[in-house]
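Under the heading transmembrane segment, TrEMBL lists A:15-37, A:49-70, A:76-96, A:117-144, A:159-182, A:189-210, A:239-256.
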Amino acid sequence: MNIYSYEIKSQLRTYIIWSVSILVVFLIFMSGLYHVFMDSRADVEKAYSGFPPAFSAAFGIVIEQIFTYGGFFQFIYTYIAIIGAIMAAAVAISAFSREKRSKCVDFLLTKPVGRGAIFTAKLLAGLTMLAVTNILFVAVSILVHNGSGQDAAQLDRAVWASCALFFMQLVFLSIGALYATFAKKVRSVPGIATALGFAGFILSALYSLLREDAIRFISPLTYFQPYAVFSTGGFETRYAVTAAAVAVACIGLSYVKYCKYDVPAL
Amino acid sequence: MSAVIETKNLTKSYGRTRGVADVSLAVEEGEIFGFIGPNGAGKSTTIRTLLSLIHKTSGEARIFGLDCEADKVKILKDVGYLPSEVFYYDNMRAVDLFKYSASFYKKDCSKKIGELASLLQLDLHKKIEDMSLGNKKKVGIIQGLLHSPRLIILDEPTSGLDPLMQKTFFDLIKKENARGATVLFSSHILSEVQRICDRVAIIKDGRIVSVQKINELQQSAYKAVSFTARAGADLRGFAVPGAQNLEISGQSAGFIFKGDVNALLTELGRYPLVNVDITEPTLEEIFMHYYSE
């Protein structure tokens, strides 16, 4: 419990900044910009017709969808997801490399607590932080949905679609944990997390351009698409399974590495 | 007496690189046991294997009769460790580190923290990263002792401490020892091991070359002898049993000596001396003794 609470306490300030950023960006775009966007449909379509198709695809614009609530949600999610991915990776890298960065691995690993228990406490701390953010995200999503005059019968879909962020963050949390446990040195948590987040964005943009399934399998930002929930009621099973497999594999490998590695002398 | 630390043929290798090989040791309850060798000899590797920071390749390592890897958590409840390099969390004050450290032992350590901080004159409310090396070392000492462990493992503990603080530290370790704690004291400085330890193990190239009582080590050790005679004295005839590596340069001579000191003094007495130095051997000279055997 002490490692768990210390981890949360250590990350609290940056964690709040990340969470507020996600919620504010979502709120501004979905409750503010959405209505303006819908009201200016003709102008937007005119402007859009001048864009090269590849450009629109790379930025997540699907003109056939974007003038629906689910389509606009998907468009905004593309960007929320980048912030969420960077946040989740940062939470994991920060937690699992904390002692490595401070050169105090000896301190923690010579306390009467097993390495498995330390790993679990850090993982639970990360999961707790992401869970709280996503509970708030879902709550805000419900408020926005209700406030935007959408059909109340579609609320369950809006809630489930909002969970895309949490599931995607779990994947990035596991990738971050893998990086932090295997890297010999971790110099900058935000730097590495941002690199991972943008790598995810580039892969998702590549998928949007090429529409190749093979690319989507290696593009974690596209595993959970909110639009799929709005249109079909659920996420696409094969990508959800891929996401679960990636997350379990990364966490499993990280756990084994954390428990087995020889701590080098300084 | 029973062995608090016991290793049998403990071996740690890093692929082709040597770590330690066939280290067999028994540190008895209540003793202060020195572990000495030059840098890179395998002291830290042995200690890190005992603490399960690294995993042994083969052999056995037991503390309190328990297996160092399988029973690590149980063992570490009663072990205090001071690493050679002291680093702690960024942005943490000493008092916060001690509270965090104490939280692992599930007992109230606040009184002991206060006593140790007062003895070592440490400002508990200062951030550790802003402290000097000596003060960081004090933080390490306190976090290693705050739970009154049964076994204290010290890896090069005095680097960074000024001579006065070293004395305070040695007094503290003796006090902990008097309380009943067993101490494993690793160092490459012979004089500090001589100052505090009951027995000593000498490690060289990853292998234990000798385990001796400190007084035996001193008796068996070589002395470094040098002298200068008055002008005109012919030193070419100087010879005494037990002298090695004799080098004569003009009116001066130097050699390493192990043998009857009376015979040495008699031989020296045959020359009109200006100066004589008979000094404790350096650690390297001690090792020469073991190389030659």
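Cβ atoms here come from the backbone N, Cα and C positions, even for glycine.
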Please determine whether the transmembrane segment (A:117-144) and the transmembrane segment (A:15-37) are in contact (criterion: at least three Cβ-Cβ distances under 8 Å, sequence separation 6 or more).
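In this chain the transmembrane segment (A:117-144) contacts the transmembrane segment (A:15-37) - 3 or more Cβ pairs sit under 8 Å.
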Answer with yes or no whether the transmembrane segment (A:189-210) touches the transmembrane segment (A:15-37) by the criterion of at least three Cβ pairs under 8 A, sequence separation 6 or more.
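These two stretches do not touch.
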What stretch of A:76-96, A:159-182, A:189-210, A:239-256 shows the most Cβ pairs under 8 Å to the transmembrane segment (A:49-70)?
A:189-210
Hey, would you say the transmembrane segment (A:189-210) packs against the transmembrane segment (A:159-182), going by three or more CB pairs under 8 A that are 6+ residues apart?
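When sequence-distant Cβ pairs are counted, the transmembrane segment (A:159-182) touches the transmembrane segment (A:189-210), since at least 3 lie under 8 Å.
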For the transmembrane segment (A:239-256), what are the same-chain contacts with Cβ under 8 Å, counting residues 6+ beyond its ends?
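Residues 96, 116, 119, 123, 167-168, 170-171, 173-175, 177-178, 180-182, 216-217, 220, 222-224.
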